[in-house]
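Accompanying notes for the structure given below.
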Amino acid sequence: MTHYILLIIGTALINNFVLVKFLGLCPFMGVSKKIETAVGMGLATMFVLTVASLCAYLVDHYILIPLNATFLRTLVFILVIAVVVQFTEMAINKTSPTLYRLLGIFLPLITTNCAVLGVALLNVNLAHNLTESVVYGFGASLGFSLVLVLFAALRERLVAADIPATFRGSSIALITAGLMSLAFMGFTGLVK
């Protein structure tokens with residue numbers, strides 16, 4: 001049990017996919033203008049990443065490896081992720097149409113979120129078993145959601161701040177993301 005808790009902490013804080021591995025920057029920058037949309041996107045990504053990790057493991061170990069078709073991993077994982085995203089999109093549309101409208105184009109873009117594909121491929125490269133794959137996917141999504149919500153809160157505060165004209169918009173957002181990355185470096189060495 002300790003191994004799984006350390007895997008979650010390590011994936012969410014120390015090896016954060018956005019701030020350390022620079023995966024998932026498109027939704028990180030695009031959806032982080034309001035906390036409400038950031039929370040919704042974080043929850044949707046959390047569900048997709050966890051389920052996609054499970055499905056990718058099952059497809060890899062029960063279809064690709066027995067058929068000796070591991071060269072198709074990337075393509076098959078993208079298809080698996082697309083199916084999971086479509087399922088998530090339909091579920092959000094039925095349960096919360098307001099959130100569905102707020103997320104707009106970013107919900108289908110989870111399919112092309114490189115963090116989701118990166119987690120699936122890293123699970124294979126790190127030789128995780130089924131439980132470790134799901135926990136790794138959950139930890140990565142937890143870290144993504146945490147950083148997304150924190151960044152959205154900072155960006156909401158930046159709207160009211162007196163920022164020079166040349167730094168408004170993407171410039172100050174990237175500077176803020178860099179400072180967040182430096183802050184998360186403080187977690188290095190937390191888990192050995």
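Cβ coordinates are placed from backbone N, Cα and C, and glycine is handled just like the others.
Taken from Swiss-Prot, the feature transmembrane segment applies to 5-25, 39-59, 63-83, 102-122, 134-154, 171-191.
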Range from 5-25, 102-122, 134-154 with the greatest count of C-beta pairs under 8 A to the transmembrane segment (63-83): 102-122
Intrachain neighbours beyond the transmembrane segment (102-122), with Cβ under 8 angstroms and 6 or more residues off its ends: 17-18, 21, 23-24, 26-27, 30-31, 34, 36-37, 40-41, 44-45, 48-49, 52-53, 56, 73-74, 77-78, 80-82, 85, 88-89, 92, 136-137, 140-141, 144
Non-local residues, at least 6 beyond the ends, that sit with Cβ under 8 Å of the transmembrane segment (134-154): 4, 7-13, 16-19, 24, 27-28, 31-35, 37-39, 41-43, 45-50, 52-54, 57, 115, 119-120, 122-123, 126, 128, 176-177, 180, 184
